[in-house]
Number of protein chains: 4
Amino acid sequence: MKKGLAIFTSGGDAAGMNPAVKCVVEYATKRGYEPWLVYDGLRGLIDDQFVRAERDLVSGILHRGGTILRSARSKRFFELEHRQKAYENLKKRGIEKLVVIGGDGSFRALNQFYADFGVPFAGIPATIDNDIAGTDYCLGVDTALNMIRQSVDSIRDTATSFSRAFVIEVMGRHCGYLAMVSSLACGAEICLTPELPYDLDSIGSRLQADIADGRRYVLAIVAEGTQMGDYLTRWINDSINMEARLTVLGHVQRGGSPTVRDRLMAHKFAVGAIEALEVGKTNAIMVYRDGDYGDLPINEVCDSKYVLDPKLLSMCADLSK
Amino acid sequence: MKKGLAIFTSGGDAAGMNPAVKCVVEYATKRGYEPWLVYDGLRGLIDDQFVRAERDLVSGILHRGGTILRSARSKRFFELEHRQKAYENLKKRGIEKLVVIGGDGSFRALNQFYADFGVPFAGIPATIDNDIAGTDYCLGVDTALNMIRQSVDSIRDTATSFSRAFVIEVMGRHCGYLAMVSSLACGAEICLTPELPYDLDSIGSRLQADIADGRRYVLAIVAEGTQMGDYLTRWINDSINMEARLTVLGHVQRGGSPTVRDRLMAHKFAVGAIEALEVGKTNAIMVYRDGDYGDLPINEVCDSKYVLDPKLLSMCADLSK
Amino acid sequence: MKKGLAIFTSGGDAAGMNPAVKCVVEYATKRGYEPWLVYDGLRGLIDDQFVRAERDLVSGILHRGGTILRSARSKRFFELEHRQKAYENLKKRGIEKLVVIGGDGSFRALNQFYADFGVPFAGIPATIDNDIAGTDYCLGVDTALNMIRQSVDSIRDTATSFSRAFVIEVMGRHCGYLAMVSSLACGAEICLTPELPYDLDSIGSRLQADIADGRRYVLAIVAEGTQMGDYLTRWINDSINMEARLTVLGHVQRGGSPTVRDRLMAHKFAVGAIEALEVGKTNAIMVYRDGDYGDLPINEVCDSKYVLDPKLLSMCADLSK
Amino acid sequence: MKKGLAIFTSGGDAAGMNPAVKCVVEYATKRGYEPWLVYDGLRGLIDDQFVRAERDLVSGILHRGGTILRSARSKRFFELEHRQKAYENLKKRGIEKLVVIGGDGSFRALNQFYADFGVPFAGIPATIDNDIAGTDYCLGVDTALNMIRQSVDSIRDTATSFSRAFVIEVMGRHCGYLAMVSSLACGAEICLTPELPYDLDSIGSRLQADIADGRRYVLAIVAEGTQMGDYLTRWINDSINMEARLTVLGHVQRGGSPTVRDRLMAHKFAVGAIEALEVGKTNAIMVYRDGDYGDLPINEVCDSKYVLDPKLLSMCADLSK
């Protein structure tokens, strides 16, 4: 009899989740597992939203954004009685292993679940914030960056038509990764993030000199976490004397068909997750580091603080001052 | 000696302006005019920002959003002395005709200029609001609608991943055209515009019934002019008890490579503008009505109030209640 | 008891079919019908591939290209015995009306079916060739044109980088509509179609003069039906002495998320189809003419030859000589 | 007096060249060089097509595909007398260093130029084939892959609508990198490349089993270098008995706005190139290896054969049999 393996998505949605789901199902099948889909994340584990992963359910999803398995928060999973219920849902179907696609909160929850009931899992990091320790890349980041790029390129059309400044707020509560990379990629003149101190006086002098030298428009990208969008917009209006507008990109950044990079990462993480489970690893998190794929024990991921690439910081430092 | 003809863009930028500029230059050249570009709109007319329209200046612009001629406001143009200056700039170059791409404010300004100095112009309507009387279509509308579509399709990825509501604010201070058409095109459940009365109680009952029947997520599109974005978002949270988020699309809507429809309209309006000037029409505005191209005297455009297509209103009426 | 109404797609696939399916289902439901989906077109009618059109089946399809109902050819439908089978499939479910989304071949087949069994239908024209008589627009055309635009804009990047000529073959066996409109929209220097005579000598002289005047690259768009792609490419190489490459766009043109125009048209045609059936019209084809929506008896559509807009022909005439 | 530094692009065009040009100019200026642009590659070096790199010339190019500096082949550069001419063009402007963006043929040419005249250069690898030894990544690859992805996603719309097979030929004369990665990213069932032996009998059995199990459509991606496009299409028609069509993507793959990855790589390679020249390195090629940026002496790049990542090969092996 085949051993059951269940897959679900958890936490904020990210492009790349669907290709990862498809790949896990296909590779697990190939390796002799009976794959199950769980809808609505941890909540679905408790509330028994399991479906056998038939071909049709994961066909034609490779190019779709978001997650067809849906995601949801679940405070109940913090309570043993509900985890007990989740365990029974697994047990009655012969499901012995789990693959979760999500963030470190979800990994920790499953780590506890393992401590309780001994069900091993493999974790695939997915979050557009790219702020999970131990891996240089999380699913969804490249698609989010390219959605931002398209929006900023579009806004630039208006900026150049009017000699105006545009402030664009991108996602990132605690992490400026999206803001920094998109500033470099889109040629922003200003980038404000939680990680880098900024100096408006110095920025002001730099822009004034630049405008005197012929610059006609200004693009600024700020991370949500700085809460500087409104202020910076008014400041450019007042101090630089250039008409400025704020655009808050919002959830446009989360969606969109996964890019090739996200699909390829999804493929490699998915294969890695099944292989880690096969060789008996428990609670391993898939990572991409120094250009290579591997996995790490969960404590090396969840007990560490994510640190931004210092080279990226230094490349962006000039945009904050 | 060739007669000079100058072209400029004015008012808010709109995709389609660049193809129109290119086409006016090429067709004017073919008809024996010497074409000139004026940068920065009415301000450039006054401040003498004229450049001979060489091939290289309008090459490779067909697919670019915004306007390479830039646009700008000019209060000075309301004063005779500055219009006098503009006139002298034309005169010294032998420029006898004008083509303006923009909105009704710009058309009125040139109408006054004609009254003062007898320089005839042809107007090409361009505004993403699609609110110029006498024409069913203004340059930029189709591109703006498709930019909105892509953003809403992307947001839907997240909406379906979470059983959430998303409120999307689109441009339109006085006109709900963009909101209505994109609601139909993107399958929104709610559409609020300045033109249609709305009834939140009724919307609430409808959604509740729909959710009971299996609906998982809600998309709402509101026109900027209703100022209802924030309120509606909180209302869905509180009254419908569904987590709701607001996205203000902002200037993303204005940019982007012009769609085929905008390029084709630009072509037809441009040819029409030159032909109208050639047969001696003064102050004619290019229009698209009932599936056909033509032109109207400026007073039939600027002295009328734009009226939304009643069929569109009736198609959207159900989304406001 | 509710009256049944079945919908299917037939002929070549076109963007806009999915929104039309969704809209027909929703509007039919609202008007009190019980809607059915038929898969695989006329073949499915015979082979009994009917499914009740539940909400989930048409949810989330508005933005998808192609047709979820699939399409297929069926020679069997020309034979009475198989049409008889199709009729029985309708009868046993109480389906009294049909909506077909497709081309004139499909309309004719259903016309015969009506003659046999008296089942009325409404037809929604869909074909990227835009060659159905009586209507200015068929579903799928705008999306196809914008897919071509994106491809040509991309090819232009290479053309401008190398001082090269690119010949791009677009779809259209008997009709040059796509080739003409995309030539205007993309600024092609050459356009060859089945409708317009072309004169390579004259084109050669024109290009030589243009190159002498500074032109660096050449874009040519040819309709598939001319079978001139290969020849023109070699001819530019040899006669113009400019390195030339051929790209056959192929089925890339057919796909892609439907544009706003195709979604809106789908909506209006779908509503029109249900309303036509409701007021007792039989065998009416939805049309868009002179900027307005309506319907025509099938013989006015299928017994007429499609004629290209003479204005479009005259706008493109210069590109063939 | 400032030292001159010239930049040019060479070989096949690739997205990412423009951001690299912009970045080299900006960073070189910051480091005290006087930057020059050379148009038309090696040919322009000989024919004296130099322009001072003013701000306006590299403004607004970050998001444009291809290369604004154009590229061209030059057999004359193989002859000393023409290289002598190129050297004089540099000398008279005080240009002492070169940055070339292109492939290994261009690097070798400049290596010879260095041997002749002692002008050091830094090379930035750019080719969508991704087949330069010593680096895991060449500019243009990610954009090309995403252009392919969009085309294949579009073709899939038609494939799923008809139960058909589509064979898609992608670029790659000697290298199957694009074919392999896009097969994984787009979920192709078949992938034929120059590197992997293929077994049509085995593929046939696999597909037949898959079709029996419910598969409705087939996507195959073949690298140009296999010359198998036509044959495979006929073979699927005949042996698998599924209607099959061939699409040759052609130069659509080369264009398009550079993705974030290509822009970021361009940035890092550009900064690396200037820094390598600054510290006195001669003839260094920028590389990205094992997740990190660096440079290699030219002989380590040009005297080695590019080897495809064995993991990629093994991931794709199942698609060739």
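Glycine too: its Cβ is placed from the backbone N, Cα and C atoms.
Curation does not apply to TrEMBL; its annotations are automatic.
Here the structure is a predicted model, which means the values were calculated and not measured.
So that you can see what the record holds, here are the features copied from TrEMBL:
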type	residues	note
ACT_SITE	D:ASP129	active site, proton acceptor
BINDING	D:GLY12, D:ARG73, D:SER74, D:GLY103, D:ASP104, D:GLY105, D:SER106	ATP binding site
BINDING	D:ASP104	Mg(2+) binding site
BINDING	D:THR127, D:ILE128, D:ASP129, D:ARG164, D:MET171, D:GLY172, D:ARG173, D:GLU224, D:ARG245, D:HIS251, D:VAL252, D:GLN253, D:ARG254	substrate binding site
BINDING	D:ARG156, D:GLY187, D:ALA188, D:GLU189	ADP binding site
DOMAIN	D:5-277	domain 'Phosphofructokinase'
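Under a cutoff of 8 A between CB atoms, and with a sequence separation of 6+ in the same chain, the neighbours of D:MET171 (substrate binding site) are D:ILE128, D:ASP129, D:ALA144, D:LEU178, D:ALA223, D:GLU224, D:LEU249, D:GLN253, D:ARG254. According to DSSP, D:SER74 (ATP binding site) sits in a coil region rather than a helix or strand.
Sitting within 8 Å of the Cβ centre of D:GLY12, D:ARG73, D:SER74, D:GLY103, D:ASP104, D:GLY105, D:SER106, and not among those site residues for ATP, are the Cβ atoms of D:SER10, D:GLY11, D:GLY41, D:LEU42, D:SER71, D:GLY102, D:ALA109.
Contact annotation for chain A: of the listed binding-site residues (D:GLY12, D:GLY103, D:THR127, D:GLY187, D:ARG254), D:GLY187 place their CB atoms under 8 A from a CB atom of that chain.
D:ARG245 (substrate binding site) and D:ASP104 (ATP binding site) have their C-alpha atoms 35 Å apart, to the nearest angstrom. Of the listed binding-site residues D:ALA188, D:VAL252, the Cβ environment within 10 Å is emptiest of other Cβ atoms at D:ALA188. Rounded to a whole number, the distance between the Cα atoms of D:GLU189 (ADP binding site) and D:SER106 (ATP binding site) is 37 Å. When Cα-Cα distances from D:GLY103 (ATP binding site) are compared across the binding-site residues D:ARG156, D:ARG173, D:ALA188, D:GLU189, the shortest belongs to D:ARG173. In the three-state DSSP assignment, the secondary structure recorded for D:GLY103 (ATP binding site) is coil. Contacting chain C by the Cβ rule (under 8 Å between Cβ atoms), the binding-site residues D:SER106, D:ARG173, D:GLU189, D:ARG245, D:ARG254 reduce to D:ARG245, D:ARG254.
Taking the C-alpha positions, the distance from D:ARG173 (substrate binding site) to D:ARG156 (ADP binding site) comes to 25 Å. When Cα-Cα distances from D:GLY187 (ADP binding site) are compared across the binding-site residues D:ARG73, D:GLY105, D:THR127, D:VAL252, the shortest belongs to D:VAL252. Over all protein chains present, the Cβ of D:GLY105 (ATP binding site) has 14 other Cβ atoms lying within 10 Å.
Look at the Cβ of each of the binding-site residues D:ARG73, D:ARG173, D:ARG245, D:ARG254 and count the other Cβ atoms within 10 Å; the largest number goes with D:ARG254.
D:GLU189 (ADP binding site) sits 33 Å from D:ASP104 (ATP binding site), taking the C-alpha atoms as the reference points. Cα spacing between D:SER74 (ATP binding site) and D:ALA188 (ADP binding site): 39 Å, rounded to the nearest whole number.
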